[in-house]
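Data first, discussion second: the structure below is written as structure tokens.
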Amino acid sequence: MKKWFPALLFSLCVSGESSAWNNIVFYSLGNVNSYQGGNVVITQRPQFITSWRPGIATVTWNQCNGPEFADGSWAYYREYIAWVVFPKKVMTKNGYPLFIEVHNKGSWSEENTGDNDSYFFLKGYKWDERAFDAGNLCQKPGETTRLTEKFNDIIFKVALPADLPLGDYSVTIPYTSGIQRHFASYLGARFKIPYNVAKTLPRENEMLFLFKNIGGCRPSAQSLEIKHGDLSINSANNHYAAQTLSVSCDVPANIRFMLLRNTTPTYSHGKKFSVGLGHGWDSIVSVNGVDTGETTMRWYKAGTQNLTIGSRLYGESSKIQPGVLSGSATLLMILP
């Protein structure tokens with residue numbers, strides 16, 4: 001007689017920390033600095049200093065696929081990166097651009113230097129540090145922690161526009177500074193917040209830069225209209241018209257005047273600067289008789305000089321048509 005014994009089948013599931021994971025959290029500081037630049041003239045580059053001050057930081061970004069908490073019973077690895085993301089240009093309250101340059105970055109590593117808008121300064125530490133510490137490994141945006149790390153100052157210079165009006169200036173410069181904490185389940189994990197993401201992090205730090213401009217240059221007009229008048233299509237080619245404005249400077253200065261076209265020309269004019277006027281016509285534009293679109297004027301002492309903008313019509317018989325012609329360019333005043 002056969003006896004059948006029921007088979008007992010066991011399914012065993014063991015959970016643990018065997019899968020690779022990475023948790024990245026960015027803590028943003030909210031420092032407010034102010035710096036007095038004193039009396040300056042446009043040919044100077046006043047400086048200001050941004051200081052890193054430890055304190056309460058707020059989570060503004062995270063990316064986690066690992067455990068939220070560590071209970072102290074298992075090991076993990078960590079690396080930290082301090083960040084400062086600083087704008088390359090800010091605007092004054094009256095609409096003038098201030099261009100920010102790096103003077104001394106100390107021990108910070110400057111990265112992604114080709115970016116048009118921002119400077120990126122990074123400093124990594126605690127690479128591959130093995131830890132058993134209990135705690136939150138993935139704090140959520142809005143949560144806070146205290147940062148105690150200290151890092152050196154960064155010194156910037158400011159290039160002032162040549163036509164910045166005289167007077168007192170109070171310029172607020174928002175920027176990002178904080179620490180990226182990276183926790184991982186394995187040795188050698190590396191992660192750096194992408195630069196395009198770092199640029200979008202909230203700029204919760206402020207630099208208040210105060211200075212007084214006591215010497216600059218001023219054009220007599222903010223716009224010029226050059227009129228060629230009513231012309232016959234047969235006699236318009238090569239017609240020349242011009243307007244003159246005066247530029248007054250309070251201090252010795254070298255000013256580079258450069259044209260930027262706003263309307264695309266119909267023809268190629270080699271090294272000559274031109275703008276499109278429509279109906280098959282271009283204007284070859286000169287600055288003080290120079291048709292390459294730029295010239296430099298020098299003030300050896302305070303005073304006024306004239307600047308002449310000329311326009312010479314150009315069109316080819318196979319393309320020109322009668323009509324109202326219109327085009328434009330922007331004239332920049334640039335300090336060396």
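Note that Cβ sites are derived from N, Cα and C of the backbone, with glycine treated the same way.
Keep in mind that what you see is a predicted model, and the values were worked out from it rather than measured.
Summary of the site annotation: Swiss-Prot records D-galactose binding at G124, Y125, K126, W127. Screening the candidates E68, E79, E101 against this entry identifies E79 as the one listed for that site.
Looking up C64 in Swiss-Prot gives a disulphide bond to a cysteine among C138, C217, identified as C138.
The cysteine that Swiss-Prot pairs with C249 in a disulfide, picked from C13, C217, is C217. Per Cα geometry, W127 is the residue among the recorded positions C64, W127, C138 nearest to C249 (disulfide bond). C217 (disulfide bond) and G124 (D-galactose binding site) have their C-alpha atoms 44 Å apart, to the nearest angstrom. Taking the mean position of the Cβ atoms of E79, G124, Y125, K126, W127 as the D-galactose site, the remaining residues of that chain whose Cβ falls within 8 Å of it are R78, Y80, I81, D128, E129. Residue pair Y125 (D-galactose binding site) / C138 (disulfide bond) shows a Cα separation of 19 Å. Around G124 (D-galactose binding site), a 10 Å sphere centred on its CB holds 14 further CB atoms from the protein chains shown.
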